[in-house]
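Pulled from Swiss-Prot, these are the features on record:
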type     : residues : note
TRANSMEM : 9-29     : transmembrane segment
TRANSMEM : 42-62    : transmembrane segment
TRANSMEM : 67-87    : transmembrane segment
TRANSMEM : 93-113   : transmembrane segment
ACT_SITE : Asp123   : active site
TRANSMEM : 137-157  : transmembrane segment
ACT_SITE : Asp141   : active site
Amino acid sequence: MVTKKSKKAWPWLWLSVLVILLDQLSKYLANHFLSLGHPVKILPFLNFTLNYNTGAAFSFLGTENGWQIIFFAAISFVVSIFLILWLSRTSRSEIMMSLGLSLIIGGALGNFIDRLRWSYVTDFIDFHIKDWHFATFNVADSAICVGVFLLIVYMLLTPSSKP
């Protein structure tokens, strides 16, 4: 029996798995070598500061009584399924789209794992300029941001086939 080689972007899911592994490893290391709320200076503009986020980006809804954990876990899971289906219908030749989708999937599932295991997401990357600090984030958040950026660029640069 001869099988036809798939031209779909499924092989890009390896990148999602790599993002999940790097995210979970970095969070494991942060939890074992950092103390909650105590910054470790890496560069003049970068600290590693362990924080636990029960909300979403910028700790949105982080002070609620717990329902938000299930809510954000469900959103992460549903969005990941949707993006996996989108990736399954994407041509392997659409590299920027495949790369963006894979990064977002890996990031969303990395944070999903944290929410299921701990009821919070571990954040530790702390960029700052003097006393102004950006929201503390993690590898999964970075992958999501880069993935969204790539999708936006792809959509802006790719001519639409619609009239």
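Quick reminder: no glycine exception, Cβ is built from N, Cα and C everywhere.
As the structure is a computational prediction, the values presented were derived from the model and not from experiment.
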Cβ-Cβ under 8 Å with the transmembrane segment (137-157): same-chain residues at least 6 beyond its ends:
19-20, 22-23, 26-27, 30, 57, 94, 96-97, 99-111, 121-125
State the three-class DSSP label for Asp141 (active site), counting H, G and I as helix, E and B as strand, and everything else as coil.
helix
Who are the chain neighbours of the transmembrane segment (67-87) in space, where the CB to CB distance is under 8 Å and they lie at least 6 residues beyond its ends?
8-10, 12-13, 54-56, 61, 98, 101-102, 104-105, 108-109, 111-112, 115-116, 119-120
